[in-house]
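Summarising the annotation, Swiss-Prot assigns signal peptide to 1-14. Taken from Swiss-Prot, the feature phosphoserine covers SER24, SER89, SER168, SER383, SER390, SER434. The disulfide bond annotation in Swiss-Prot covers CYS39-CYS58, CYS56-CYS70, CYS77-CYS99, CYS97-CYS112, CYS100-CYS116, CYS415-CYS428, CYS471-CYS500, CYS485-CYS512. Annotation comment: Swiss-Prot describes ASP49, ASP53 as substrate binding site. Per Swiss-Prot, N6-succinyllysine is recorded for LYS166, and the stated evidence type is similarity to another entry. Sequence annotations record features per position, and here Swiss-Prot assigns Ca(2+) 3 binding site to ASP222, ASP224, ASP226, THR228, GLU233 based on sequence analysis. The compositional bias 'Pro residues' annotation in Swiss-Prot covers 338-348.
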Amino acid sequence: MLLPLLLLLPMCWAVEVKRPRGVSLTNHHFYDESKPFTCLDGSATIPFDQVNDDYCDCKDGSDEPGTAACPNGSFHCTNTGYKPLYIPSNRVNDGVCDCCDGTDEYNSGVICENTCKEKGRKERESLQQMAEVTREGFRLKKILIEDWKKAREEKQKKLIELQAGKKSLEDQVEMLRTVKEEAEKPEREAKEQHQKLWEEQLAAAKAQQEQELAADAFKELDDDMDGTVSVTELQTHPELDTDGDGALSEAEAQALLSGDTQTDATSFYDRVWAAIRDKYRSEALPTDLPAPSAPDLTEPKEEQPPVPSSPTEEEEEEEEEEEEEAEEEEEEEDSEEAPPPLSPPQPASPAEEDKMPPYDEQTQAFIDAAQEARNKFEEAERSLKDMEESIRNLEQEISFDFGPNGEFAYLYSQCYELTTNEYVYRLCPFKLVSQKPKLGGSPTSLGTWGSWIGPDHDKFSAMKYEQGTGCWQGPNRSTTVRLLCGKETMVTSTTEPSRCEYLMELMTPAACPEPPPEAPTEDDHDEL
């Protein structure tokens, strides 16, 4: 359409038909000076000399095309050398030049410069540039179409190969699954046996430790060392009191001995020790006291008080007497305090004691074999999942509607950005649109791919992206993308015409229409 417009512009200079002021060339036949004038709406017929007499006779204002008499009239600007234009008749002779040829101000006293020629020149240059963009864009579009044809064939070939290889890989995965399960069975049995043996050993060690504690307690309780613990001997430990009165009565002691008056070592361990274990306190004082911690030499030393002078002999004797009295008082206090509970000897490292020992050589061999089988199975399973994903992606891309000839296919794996004063807008065609603050922050979805929404005659001129992030107390964000012809691919503008509804323009060669044949130049003429 651009080149025909270029051809029409110079033709305007050659056409000049006599007609009343303000009448267009297409309507001049309605204004015949030799006949009465009939209003264009048929509302009246008047003598022709009443046309443009500055009095409105027709309801549609058609009798006053060149004056401002009718409020609903229209004045036609011829604008020779540029584009014709209709203006409301109330702008005629209003002192403002609306027509580039100045014909609307013929009787206002205003002198209008005729700018039509210059405007026509600029218009032709603009149209020529647009025509050049269209030609170059369409040339690139044909390349895009050919590229997609080749790429589509390659993708279809790749899809067939993947679909054929999928069955083989599925069989391999199932085979490796069987191998894995077979390798895991002896591994599981060997690990369970190792666990069981370790737990048995741990239980035996704890039982041995408990028996040693009971033996020590029995030895302490057997004051007369006759090989038995009697009620009287048990009563020497009031902490075993069962009724809370602070003393162990004979009846309570006999109850702890299961009704007997005495018990030997075997019965003591089997029946008595469990009942008194938690309350029993050893008569022996702990001998291994923790050594005082060494001073931290790295810490700054506090200011020390002055060292006192050496004491005299009399002072030393007094200090020794005071220390002896203090020791006697401490011994009396210790005798009154309850003895510490009998506790098992602590291992050097409890974590080491509870830690299961390493597997034996045969068990470790089963574990290594099972792990190798698992690794091979998991690797094959990952390969199968990757292949299935590749198949899905190829099927989706091959079947996607990329335009009449696939010219928009090259946009499928691309993203384009436009930075404004506040935001960075990102368009990934056929996938999503988003925005994020220019100074940093999380992106906000402006919609995901919906469909082509151009008019019926130009379906592929607009895209719709829907179901973006919801607005506060509003709808989900959505974006319409208009596709414009251009030699390059770029987002040229983004606006928000309505709340949460965005409009984006994408320039692309794929949107360029086929241009008409180029008009012959002045030198390219045929001889008659």
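Each residue, glycine too, has its Cβ placed from N, Cα and C.
Spacing of CYS116 (disulfide bond) relative to CYS77 (disulfide bond) is 11 Å (Cα to Cα, whole number).
The number of other CB atoms found within 10 A of the CB of CYS116 (disulfide bond), across every protein chain shown, is 22. When each of the disulfide-bonded residues CYS70, CYS471 is scored by how many other Cβ atoms sit within 10 Å of its Cβ, CYS471 comes out lowest. Report note: the Ca(2+) 3 site is defined by ASP222, ASP224, ASP226, THR228, GLU233, and the residues of the same chain whose CB lies within 8 Å of the CB centroid of those residues, excluding them, are LEU221, ASP223, MET225, GLY227, VAL229, SER230, GLN262. In sequence order, CYS97, CYS99, ASP101, GLY102, ASP104, GLU105 are the residues near CYS112 (disulfide bond), counting only same-chain partners six or more apart with C-beta under 8 A. In three-state terms derived from DSSP, THR228 (Ca(2+) 3 binding site) belongs to an extended strand segment. Long-range Cβ contacts of CYS56 (disulfide bond) within its own chain (separation 6+, distance under 8 Å): ASP63, GLU64, ALA69, CYS70, PRO71, GLY73. Annotation: THR228 carries the greatest number of neighbouring Cβ atoms among the recorded positions THR228, SER383 [cut-off 10 Å, Cβ to Cβ]. Nearest by CA distance to CYS39 (disulfide bond), out of the recorded positions LYS166, SER390, CYS500, is CYS500.
ASP53 (substrate binding site) is 62 Å away from SER434 (phosphoserine) when you measure Cα to Cα. For ASP224 (Ca(2+) 3 binding site) paired with CYS100 (disulfide bond), the C-alpha to C-alpha distance reads 136 Å. Here the Cα atom of ASP222 (Ca(2+) 3 binding site) is found 90 Å from that of CYS415 (disulfide bond).
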